[in-house]
Amino acid sequence: MSARRFLFLLVVTSLIAASLAAPKDVQMTKRGTACWCGQTKGVYWLWKISCPSGYGYTGYCGYFMGLCCYPAGS
């Protein structure tokens, strides 16, 4: 019984530590990955209907279940 309790506490402690160690900076937590709008390279955002503000995006195209947003001069 105490082994189960110990493992449970270990898992809970690990989850708390992982959530506290997560970066708070928006630029650090950017969720985009590379994508292409024709020949223009952009950043893919899942489940978005418009490009997030504050990143300098000037255009976008529809991409699989989200958007591919690209900045000026791309």
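In case you wondered, yes, glycine gets a Cβ from its N, Cα and C as well.
Note that the structure is predicted; figures quoted are calculated from it, not measured.
Out of C35, C37, the record in Swiss-Prot bonds C61 through a disulfide to C37. Partner cysteine of C35, as given in Swiss-Prot, is C68 (from among C51, C68, disulfide bond). Distance noted between the C-alpha atoms of C35 (disulfide bond) and C61 (disulfide bond) is 10 Å.
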